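The domain 'Tr-type G' annotation in TrEMBL covers 68-333. Residues or ranges marked as GTP binding site in TrEMBL: 77-84, 141-145, 195-198.
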Amino acid sequence: MLTKWRIFAMNHQKISNIHLNIICCCKIRASLKRSKIHVPLARNYSSLPGLIGNDIKSLHSIINPPIAKIRNIGIMAHIDAGKTTTTERILYYSGYTRSLGDVDDGDTVTDFMAQERERGITIQSAAVTFDWNGYRVNLIDTPGHVDFTMEVERCLRVLDGAVAVFDASAGVEAQTLTVWRQADKHKIPRICFLNKMDKTGASFEYAVESIREKLKAKPLLLQLPIGEAKTFRGVVDIVRKEKLLWNSNSEDGKDFERKPLSEMSDPELLKETTEARNALIEQLEPEFRTLQTAIHRVTLAQAAVPVLCGSALKNKGVQPLLDAITAYLPSPEERNYEFLQWYKGDLCALAFKVLHDKQRGPLVLLRIYSGTLKPQLAIHNVNKNCTERMSRLLLPFADQHVEIPSLTAGNIALTVGLKHTATGDTIVSSKSSVLAAARRAEREGGKQNRQSSEAERLLLAGVEVPEPVFFCTIEPPSVAKQPDLDHALKCLQREDPSLKVRTDPDSGQTILCGMGELHIEIIHDRIKREYGLETYLGPLQVAYRETILNSVRVTDTLDRTLGDKRHLVTIELETQPAEAPSVVPLVEYAEGVSEDLLKASQEAIENGVHSACLQGPLLGSPVQDVAITLHSLIIHPGTSPTMVSACVSRCVQKALKKAEKQLLEPLMSLEITVTGDYLSPVLADLAQRRGNIQEIQTRQDNKVVIGFVPLAEMMGYSTVLRTLTSGSATFALELSAYQAMSPQEQNMLLSQRRGST
């Protein structure tokens, strides 16, 4: 058995080379002032759990613990709420690291990329596995920056529970709302951890109220802080009526004492705790045997969220948080996944992250929902309809990779050897397995919606990829390096589905499309560091959209002879504004169009329509909110589908050019947190950027400006805001919608573009 185990202990330098992106997190430090490069520090790690010297204890429990003892959780929050610091403390107290990592020192386990070290951010997703009091915890640290929302989305898809971390001085912030909505979509039970209770301005009451008001959640107070800001020294356990005090002389926070509250020594604290406990009991359903069981049940039902507090940086409150994770968040078997009933214990897994390693090739992170994974196993990819062979199976124990002989349902694994699998793909044991599952779904679901039963019930829901809002050209240092650049971009796209790459049909240049300035900057930097290519980026441009304002009816004929075959198509169609917003064009057919002709040519027609709407007549931007009605279609016998598509595409383009056209620009929701002293210059600057202020809230000693602003006006805004506020303000942007530009702004933009070409 021992020969099947290989332990890959890696220092941070090796990890940055391997890109073990197993930590779904992007944390932009508010203090972007820091510019020095952090050199990875030497770290010491404890031995693998259960491994003492060369002995292996309870091998089966290490690899495959009982499913009731597994917790797949994520840590999510707004930027700089303390996600990575909390993760570091969790790993330290669970015995998987021997020293406390610090984001500012650039030596955390989960931030290993050069870009993360330099910026104090976590960009790539990484999962760490550890044990706590007999429980196996697979933890994923999720991004806080809007540019990397996609990283949060794909990780939440495979989690059973989450810890939402809040800055106790700020409460609910802009990106908190975003990740909370994402967790709502995936129906994930949550625990709230009010971090930074030691920070000046920290307010437990304010933070709890912001959860209630802004998130519309029902907070269950399980703890009360003992002191706030500089006086914070511990917490009260409301369930047990005990106080937990951390020894001020303890450097690592391991040394703390738990004491029952007494009338003699803590009369006020006991009174406050008793009132809070009575309020907690009133919030819970009375029929459960114990208070802990009741809290677990309402958390699982998402009827309420337990609230704990502490300070990860000051090493206070993390151990009780770990206890709460194992006690209140669900195990995989407590989550209801409808599709599992069709597989009857056969393998069913979801690929939620793909990484590229220069030595090993693609590394794929899988969440196993049912069945067992083994190395050298041939698996079937339902999405790609292909069979692949997995060469190796690994568990990520903090900074160690452990090669394992098998892994069962409920776990998260790192696999080697899957060359075609991409994010969102469903993995099963064989094609016959998925066909058998489809038959079961049909039998139990009846004859209705047979096709949707197979497609929707058996394919696990993938990851929704947002449309990019920025783009720029990217060029290699020489034409000879173009294939290398294409390879690098292909690998990065497989890792990051929110990165889009296309070729400009006119210039032949490669276009890079991303979620924001930081996203594109990181991609550019990774191409240089990881692939050794010194590429050149063109000016960053906003991804506009186009639409039409009136109906236009046109006719077109395509008549070509290729060899001895004549291709003849005549089409009459009408373009008009769609009644409801739609990113893709809506295609309708008039009654006079032959059904037999449609059966043979519908796919070609719709391909032609979609092709024509990829580039509008004004800026070459995608066309949206358009409906197209086909009134007449005449196809000469022997005409190829390609010619039908070409004729439809040309006809649609003709109609779009004739119509009255409108440019749409991305409108961003904006939240700025600023001290009252700097509020006036910030508002004056926003007015010049066509900003629309919705409200100004008060958050402790700060003002929070909430509004909308066109993305085109926000280029380089972080630098401007730092200058205006002496580095004291923070802001968050998120795409709200695409809005019509005013005639003046549209004409000005068109003049600029035409003048630059």
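Numbering starts at 1 and runs along the chain as displayed.
Backbone N, Cα and C atoms are what each Cβ position is placed from, and that goes for glycine too.
Automatic prediction, not curation, is the source of TrEMBL annotations.
In sequence order, ALA168, PHE204, PRO225, GLU228, ALA229, PHE232, CYS309, GLY310, SER311, LYS316, GLY317 constitute the residues six or more apart from MET197 (GTP binding site) in its chain with CB-CB distances below 8 Å. Within 10 Å of the C-beta of LYS83 (GTP binding site) there are 31 other C-beta atoms, taking all protein chains into account. The binding-site residues considered are ALA77, ASP80; of these, ASP80 has the fewest other C-beta atoms within 10 angstroms of its C-beta. Note on the domain 'Tr-type G' (68-333): mean pLDDT across this stretch is 84.
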